[in-house]
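Structure, as structure tokens:
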Amino acid sequence: MVLQIIEILLILGLIAWQVYIFIGNRRLIERVQTMYPSTNQMGVEQTTISDFNETLEYDAVTATSTSPEFSRIVTDTNDYLRANIGAAAEFNTLRDISEREAALLDAEIEAQISTPLYLGLLGTFAGAILGLLALVNPFGATDVTDPAASSFNNDDVTHFLGGVLIAMCGSLFGLGFTLWGNQLLKSARATRDRLKNGYYNFLQKALLPKLNSDMQRSMNSLQNVLDAFNEKFFSKVQDDFMTRIADFLPRVTENISIQKDFLEKLQQIGYTELANATIKVFDRVDKSAGSFEKFLGYQEALNVSVEKGAETVTTITALLNRLTALEQSLNQVPGYLQEHDNRVREQARFFGEHHALLRNISQGVNQALNEDATLMRAALDQRREEFEKQAQAAHAQWSAHFRQLNKDNIYEKIVEYMSPFQQLPTQQMQLNRLQEDQARRNTEALQAMQRQLEQNQQIQARLLQQTDRTQDLLDRILEPNWFQRTILGKKTPPRRSDGSSPR
């Protein structure tokens, strides 16, 4: 009797526990059923936010009287829409946000829906065990000599079956609560799926069309900004950069023409005539001592020629100064290119958030301009070094010539020749050889300067070719790409007869 009372109390406790678990499951099922609101409780409104002193607007989802789960869905959806302002929202992403929240609630209720059935099985096993303890008492002493004590009577079997019956009642309640909970969950899921489909239809009909229209407006705004940027950039390049290059090239060509004319005139100086006149002077000195005064006049004429040579050196120095001024002017070109590059970088940073095309354009323009500036700087530096070397070589040759003239003082030699007049033919031959050697050296120096000028002309031709390549590169960069032609509707500018785009 005591064991039956214990079984009844145990089963009543298990049933109460099953009722408590079922009530908790019922609340979870109601949360599943009311997870999504009806479509008339949802809406889309335009929200304004401030980001880095900039006001941005986006379309946000709103809902009234919603469940905590759907409130989290709305919050995550609005965070996604705010992070993708100006871009097309993907429906799959919005659906994944909702499905993950629903899966969390399903996993929570799946873990508890079968708990009443397990509690009923626990009560069944507990009742059967207690009934067996009443039928067979393994802890009590049994008299083996008494046959009645070692056999089962009807009361013991009745107590055992009564305990099993009471335990089966717990299993029955557990099975009933589990079936009831499954039916309620099935109905709740059907309602939730219907409301969830309504929510998805609301997103496709009310939210996504607005986002697509916002995307179209953003693309139109981007097209206008790109057109303004292209027009401003092209005008800057055409008005400033090409104008300065066009101003520098005529000056360089004029300087080369002046140098060429100077060398041609310098080469036309009659060194051979000077030598012949000197020979005639010696002939006259041989014939008559009175002709010595005439030789002094020729010597003075030679001094005048030397002074003119000094003036020639001064003229070369002036030309080098002009080339230095030209170099300083060209050195300002990289600074202007760097300033223009900084402006291009600012434009690229501003439009970098919209499309990667602007970054590709900025990188191509910067690379082309930097390469052109580097090539121009290297060519100008090489040309300046070559002119300096030529000036130093010419200065050294003129200095050697002057030192040789000072060393070989003709007047003193003539005085010496007048004393021993018999050595006059030998000294005259030495003087002729000296003048021929000097004339040969001057001719070689002039030829070297002529070759260097031809090399400078070739370098300038290559610079002009590089300038044309830069212009062609800028034209190709400014041509609309596939995206601008197909999406933005921008037409390709007509080509000139030489294959490049018009400026």
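The chain as shown is numbered from 1 upward.
Keep in mind that glycine also has a Cβ here, set from the backbone N, Cα and C atoms.
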Feature coiled coil in TrEMBL, mapped to one of the ranges 436-469, 470-503:
436-469
Checking feature assignment: coiled coil per TrEMBL, candidates 90-117, 230-257, 286-313, 370-397. Which range matches?
370-397
The coiled coil (436-469): mean pLDDT?
80
